[in-house]
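Engineer: Dropping a structure here in structure tokens format, bear with me for questions.
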DNA sequence: CCGAATCCGGTGGGATACTG
DNA sequence: CAGTATCCCACCGGATTCGG
């Protein structure tokens, strides 16, 4: 965990560092959502189906800490908080969008591979 | 959790489905590693610093199930198992490589944002 | 060498209630 | 509205052992 001269998989390389921070589905989804337009907290919570408010808060904090989104508070009553993408975050979101496109184009191949795999496994199971 | 017509963040859309499967750092690292060249199990374990053999096995199984890598067993003694990338997996790995390039180019910005964020937080802490 | 199986501690994350 | 605080439990993943 100390030597980092052996390539892109050493524990201390930039790739690992980035992956540690944003390689989870909630971060990516939140980034995509905010990239399309600035959003309020509850709007995001409603839009990202299945996320809890606790996890959303944690996710937004981490994205903000990494300089990928910005958080601005309007001193109204009650307070309204808006999250917006930063230039850095947008350049990352572009790649997320590419992945989104890819997933739509290749979902059928993946589903087919899954059912094929599961099918061959259940066969092996039955003749045990 | 049932209606998927409201856009890319509904629980059942392809993006979510893909993210559920591969949006973790180990999957991405393993995919990049295998994409560069076919590998044996222990070679991967040695290369991907910090992963346990249990988690590596789980990760490889999931990638295989999704048709992103292939697993071939050579009937030698002892058995030698080789993992290789599939065309589908390669097309995904290309994007992972793009992210890797991005992370190297932008790691300084991220690190700067982090220390800036942490610094302002510790200030707020001290005058509480 | 490649993996399956078991045990087990830590923690991620859900549910709920409360605050400014 | 936008969180924070607390409880609590499932499951993730590490260590170890065993098998082909």
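Yeah, the Cβs are placed from backbone N, Cα and C, and that goes for glycine too.
TrEMBL entries are annotated by machine, without manual review.
Positions annotated as domain 'HTH hxlR-type' by TrEMBL: B:13-111.
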Engineer: With DSSP as the reference, give the number of residues of the domain 'HTH hxlR-type' (B:13-111) in helix, strand and coil.
Structural biologist: 66 helix, 14 strand, 19 coil
Engineer: On average, what pLDDT score does this prediction assign to the domain 'HTH hxlR-type' (B:13-111)?
Structural biologist: 93
